[in-house]
């Protein structure tokens, strides 16, 4: 038999699920019982003690995973030397999975697995076995521990952690350049057989890439792979277990490989000559046009720097590289003049800024082109002789004095005459003016440096033939100082002198300010306008002076305030001076010279009356004033109440229905038949169409005869009201649309009486009773007034 046949039989034997009857040692749990020793010994009772021999027998310690049989998988057998086969012993199993995954026959000691076991879930199980006497339940053997190991089978394929990998490698890389490493894992046991031994191979991506079988490193397989030709590659990698042999399980993954760019292409101009045009009036910095060189690379490898390397316009034009578009922008560097030069030629170079030394042999990484620029003629505005003007003038110059002249010319060959003007927005006060023909600027109002030290003007120059074409130039006028302001006190001084002051005591330090600004700086002198017996001024020669007392003691009763004129003068030419008056109050001071009171009235206040007492007196006065005001308001309100209880207060009680009615045809407003037939009046019968605002309880009166006239009816009602004690004390005005027959009193309307020339006699109103006395007085009194007037 050959060696290959022996190895094949050995592998087949390892795969078959057969029990193993090899005896093995195991680690037992500590035995707490006294141990017996071999040989003979005498006990206390004189009997010989014999050592009990104990032993275990079991068969299976390894179990194949993923058992597919219909019965429970046999694991092994536990057997004790004390087991006589009579069923007196009971076997107990405990530990990992005991009773659920592993069960034991308590009589025979056979152990079975109840379900399929996956080694990838758990590789071994630790259990404990013990044999006890079934009747006494006492152990006959110490508890022993053993391990059941799960034999692995190749039931898991290799897997990659990512389904798709992304990698990159620079283009033009040499063969064998590492791209990326992919690693697969196998859940099978790497220590048992070849179930977890993985071999890598490439299924897609050849001949560009290869993979190392053992490590899974992907490398380039072709030289000089160019990104500009192809940028993306897809590689499929297979991982197979069992060492890649037939029958092994496999898994695949995809790797997307991108060739990254390197600078292996130089820039190239698409044209050898470029033509551009620009008007001569274009200001400095104006963009004329752009040039662009193309580069097959990307990113920083395609970045290009442009420069002008030759030509007759290198000093007239600039070129700027625009990073975002990779263009060269040509701009005007100096003013152009069509009359001077009409055509310029430039040689522009474009060069890569990031050159890879490995690819110098592919260079040079630059290119050139010719740019021709034509200058176009335009009607140019006037040009000033300077970009700005600065004039200085003293503030005391006379009106009309010329402070300076601006000059401008027409740059065109026609040389049109120029007209000058001032932009009045820069001279709102119209302090200056300009001669339109020669550009002379002169003053039109007096200048004052203290109001404005600088004047910023703008002069406009325009061609007479083309007034719309203008040019502006700034003119700065600085006003120089002249000593025309006298110094004054710097602040208002609140000066006081104590009554107990002594001679030579300092009461105030004064200073001065001057609006002028002499070149040598400010210098002030202080003196008194006249000799003062009470105070004197001492000049400190630092633009300050001290006010000192000349005598001892001052009295508020005699003089409460002193006025001290102080003369302040400067040292500039011409000398300016002013007189400032200090108001010095006489005040009462404490021993430290702190002011307490300066008013003479304060001496009249009682010495014992404190500030708190004064506040209390003031509050009492305010409270008394509030009480008086409230009392007056209440009294005025009471006077406004109507005295309706007086019998002499007779008022008209007008019942308002808010309706004028519709005349005699309005039968809802009143019943005309009631006037003609007073007997038809019903008790408590009011208007039928409107609810009145005031209701009076009607009194039942005897009915009048049928032939009674309206006048008689009214007289009868008057007598009833005059004699009725329950009648309201008001005149009740009732309006009737029917007056009845002729009345002796005729009409009582004041409208008709106003039109008559004759005097009317209203004496009969007095005969109508006390309720008409008011009317009698009104109309009767009117006649007496008329007569007296």
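From the backbone N, Cα and C atoms, a Cβ is placed for every residue, glycine too.
Under the heading domain 'MHD', TrEMBL lists 57-318.
Residues annotated as domain 'Cadherin' in TrEMBL: 80-160 (among others).
The domain 'Cadherin' annotation in TrEMBL covers 161-269 (among others).
What TrEMBL lists as domain 'Cadherin' is 270-384 (among others).
Per TrEMBL, domain 'Cadherin' is recorded for 385-489 (among others).
Mapped onto DSSP classes, the domain 'Cadherin' (489-603) shows 4 helix, 55 strand, 56 coil. Look at TrEMBL and you will find 489-603 (among others) tagged as domain 'Cadherin'.
What TrEMBL lists as signal peptide is 1-22.
Marked as transmembrane segment by TrEMBL: 603-634.
Averaged across the domain 'Cadherin' (80-160), the predicted model reaches a pLDDT of 83. Helix first, then strand, then coil: DSSP counts for the domain 'Cadherin' (80-160) stand at 0 helix, 36 strand, 45 coil.
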